[in-house]
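Participant: Provided herewith is a single structure, encoded as structure tokens, for subsequent inquiry.
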Amino acid sequence: MAPPSRRECPSPSWRFPGLLLAALVLLRSSCSDACGPPPTFEAMELTSRPKPYYKVGERVEYDCKKGYHHFAPFLTHSICDRNHTWLPISDEPCVRKVCHYIPNPLHGEAILANGSYSFGNQLHFICNDGYYLIGKEILYCELKGSDAVWSGRPPICQKILCKPPPKINNGKHTFSDVDVFEYLDAVTYSCDPAPGPDPFSLIGESTIYCRDNSVWSGDAPECKVVKCRFPVIENGKQIAGFGKKFYYKATVIFECDEGFHIIGSDTIVCNSNSTWDPPVPKCVK
């Protein structure tokens, strides 16, 4: 609340004594019994237009501003007293209107932005792990007519579920008999025995899990035969990764004979398309 004001009268100039004397008499007679503008409040406003000054005994009435309502039988008026000040209103009888209480959603939480349900505030919603929000994440306490109401319906927290992961050729995954998977449920893929002399290799991630957006964490892997040709290097030799056959992710390391230096990488890996990556290096002088 702004402090009550007292009407201050201007000091006259004496350049025209006759006229100013008469004006001074009139001015003093009105100002000496006058109060300045009435006090202002955060939650109340005048019911009539304010005047520049008020006579002793004049009374002004206040009412709650839009969005506020009376909560106690305190005074809602002030009077210009004989001391040319406004009788103070000790306590404002108006408080902000509030929206109705909204409980925590099942499997979630409702969080007030500043601990109050009064209009202008926000209510934030979050869900527990394993659940996702259906509806608006934030509701606003707004004025609708003379009431404080929420900007929408409270959201709900729905359990995160994934459909069964894809089946793959030449392989399988665990829990293949389950129809619905919950948040963070995981399945692991493996390859079947190959019908020929070379085994199937699992290409991709062997384990995937149900994520928070109800999709799997990655694509299903692939089971296929991956076999790279025997790596041959002239003027050099293989020093690691020996074998008769080279399947997926087989790693070979080379070095050049004395007097030669290597062009390319000394380490190569058999990748998923049955080629060496990077290519087999060369040894040159």
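Glycine is treated like the rest: Cβ placed from N, Cα and C.
Note that the coordinates shown come from a computational prediction; the quantities given were computed from them, not determined experimentally.
So Swiss-Prot says this about it:
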type	residues	note
SIGNAL	1-32	signal peptide
DOMAIN	33-96	domain 'Sushi 1'
DISULFID	C35-C80	disulfide bond
DISULFID	C64-C94	disulfide bond
DOMAIN	97-159	domain 'Sushi 2'
DISULFID	C99-C141	disulfide bond
CARBOHYD	N114	N-linked glycosylation site
DISULFID	C127-C157	disulfide bond
DOMAIN	160-225	domain 'Sushi 3'
DISULFID	C162-C210	disulfide bond
DISULFID	C191-C223	disulfide bond
DOMAIN	226-285	domain 'Sushi 4'
DISULFID	C228-C270	disulfide bond
DISULFID	C256-C283	disulfide bond
Participant: From the recorded positions C94, N114, C223, pick the residue whose C-alpha lies nearest to the C-alpha of C35 (disulfide bond).
Facilitator: C94
Participant: Distance check, please: Cα of C157 (disulfide bond) against Cα of C270 (disulfide bond), rounded to an integer number of angstrom.
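Facilitator: Between the Cα atoms of C157 (disulfide bond) and C270 (disulfide bond), the distance comes to 47 Å.
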Participant: What mean pLDDT score does the domain 'Sushi 2' (97-159) have in the model?
Facilitator: 95
Participant: Looking at the disulfide-bonded residues C141, C256, C270, which has the shortest Cα distance to C191 (disulfide bond)?
Facilitator: C270
Participant: Quick one: Cα separation, C228 (disulfide bond) versus C99 (disulfide bond), in Å?
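Facilitator: Cα-Cα, rounded: 70 Å.
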Participant: What does DSSP say about C223 (disulfide bond): helix, strand or coil?
Facilitator: strand
Participant: Give me the count of other Cβ atoms within 10 A of the Cβ belonging to C99 (disulfide bond).
Facilitator: 21
Participant: Using a 10 Å radius around each Cβ and counting other Cβ atoms from all shown chains, which of the disulfide-bonded residues C35, C64, C94, C162, C228 yields the largest count?
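Facilitator: Per the Cβ count within 10 Å, the most buried is C35.
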Participant: C64 (disulfide bond) to C210 (disulfide bond): how many Å between their Cα atoms?
Facilitator: 54
Participant: Using a 10 Å cut-off on CB atoms, tell me which of the disulfide-bonded residues C141, C283 is the least crowded.
Facilitator: C283
